[in-house]
């Protein structure tokens, strides 16, 4: 806001000029209006009277001149009296259909002549004008012939001169009154001036950017002294916090390390999947050390103008040196640090920006007290010169939170929310493997919104369960209704996944089965691994593929027909099988990696055929295994499908009851209670 006000005052000269120009235009219009009102004092009827008088004098003068000419034929002196209209002019004004008539007349002879009067009559209407023209014809004395070809006002005046003894007319300069037209024109001129001014100003700024003279540091968000955000505001990541404490100690006591001859790391690279808290961790380091924090994005330095990115890098580091000790945090650093010479990122602007970053981090100049932290999701794409020691010395892989960390994150985000006493964050943490911190926060926020929608003061387990489904699959499609055949097929499809999960030892545990449509899915199974591990065995991967194919196998076994509802299952199953063959070495092709991208692959076309055969072999094996398990456990499949058609959603506890007793106890009791109430009601009606 301050900057906008400053710009307004800076450019105030152009606005002052326009204001004065408009004021003068308005003043001119008002003055001309007053003059016009003064002219209006002469009534148009007066000119008619004057013209009639001219006509009479002309007639009388003509008769007298004839008489005198007879009496003084012998005299050569010409004493003929004539009537002279010195000035006679008619103008059509700016107002359509009105006229201005100006004339000056008098009588006399050639030796002596006295002027009588000069009159101006503005704004004469058409009716009066016609009457004046009629008298003018009479003054002429002869009618205007068609051969005279009079088509306009000026020709009329010329004929009056030709057919009378009037002295040649003298045109009177006249500035007509145009109303407020001059003011409107002035407004348009001012608008054009302002438009051209801003266009010129924009061109000037662009030229300054190209020349590197106008590099605004406002692109970089400088957050000074972030004491309010520290490690206490970050849950989990205990190992990363411990490693970062060394940087914090250096920022607080840099001379201690210099006295020992130790070189503090110049840069710290944080890499990992999205949403794990890389930016928050860097911000917390600055808050713990209580130093300025420069937060920028890699895209801030890339422009169409060559050299502008490098200039912004210099500007950023110069500003950081003035505020040392401090932290520069570059988010999405792969934007400016991709490997030079690669096909996708080979251009002079990218290379110049990267070279300038390399020089600033470890070049001829020293950046004492300036630590560079960067975050990326693609560490493999970074240029080797960036990741070498001396630039980014420390590399921290920020992984997805463990069960313990997820529980801590949930409790952290639950501090400002009210939950029911039966809400168990430990259980929720176990239900969310592979979730990052952002997703966990979204679950609790969504549950709070659902509770508010129900007009309750506390969040219960039902809200959290619904929020989890929303984050995973989207909101339920209540308007989407199945017919009986479709609903039965969806129930058996989801039951097929559940049977594989219950009967295959290496498969993931089933937490929930539902046939309520969400997003593009007609239903889904929520599964959890039996335990969180860093590695997956071949048996476990085959079990996952078998589980994905369980829905299609159930459709084929029960209906001898299949639907397109398994398209996403095939996608995930094929991805796992392809990785087993090309990356993990879990096929008959042996422990070899077959890598490919849009421009390169390290295997031949004949080998690609073999890879496809191996993938097909794995898929066929798992599908036959799924059909076998479904066929052997048809009774269990029918039971789960039956309850899905009735309840629509079955939990892990319900599945265990079906597996052990063949029924869901709470549902059977509820049905029995409803049947009794219905019977009692019918008896009362009888």
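Including glycine, each Cβ sits where the backbone N, Cα and C put it.
Database features (Swiss-Prot):
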- 494: active site (ACT_SITE)
- 272, 273, 274, 275, 276, 277, 278, 279: ATP binding site (BINDING)
- 493, 497, 569: Zn(2+) binding site (BINDING)
- 1-11: topological domain 'Cytoplasmic' (TOPO_DOM)
- 33-178: topological domain 'Extracellular' (TOPO_DOM)
- 200-686: topological domain 'Cytoplasmic' (TOPO_DOM)
- 12-32: transmembrane segment (TRANSMEM)
- 179-199: transmembrane segment (TRANSMEM)
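Across the topological domain 'Cytoplasmic' (200-686), the prediction's mean pLDDT works out to 84. Counted over every protein chain shown, other Cβ atoms within 10 Å are most numerous around 494 among the recorded positions 494, 569.
Spacing of residue 273 (ATP binding site) relative to residue 497 (Zn(2+) binding site) is 29 Å (Cα to Cα, whole number). Highest Cβ count within 10 Å among the binding-site residues 272, 275, 277: 277. For residue 276 (ATP binding site), the nearest neighbour among the listed binding-site residues (493, 497, 569), judged by C-alpha distance, is 569. Around residue 278 (ATP binding site), taking its Cβ as the centre, 25 other Cβ atoms fall within 10 Å, counting all chains. Using CA atoms as reference points, the recorded positions 493, 494, 497, 569 were checked against residue 274 (ATP binding site), and the closest is 569. Cβ proximity to the ATP site centre (mean Cβ of 272, 273, 274, 275, 276, 277, 278, 279, cutoff 8 Å) flags the following additional same-chain residues: 375, 377, 398, 436, 437, 438.
Taking every protein chain shown into account, 273, 274 are the binding-site residues, and of these the Cβ with the most other Cβ atoms within 10 Å belongs to 273. Cα of residue 497 (Zn(2+) binding site) to Cα of residue 275 (ATP binding site): a span of 30 Å. For residue 493 (Zn(2+) binding site), the nearest of the binding-site residues by C-alpha distance turns out to be 275; the candidates were 275, 277, 279. A sphere of 10 angstroms centred on the C-beta of residue 276 (ATP binding site) encloses 25 other C-beta atoms.
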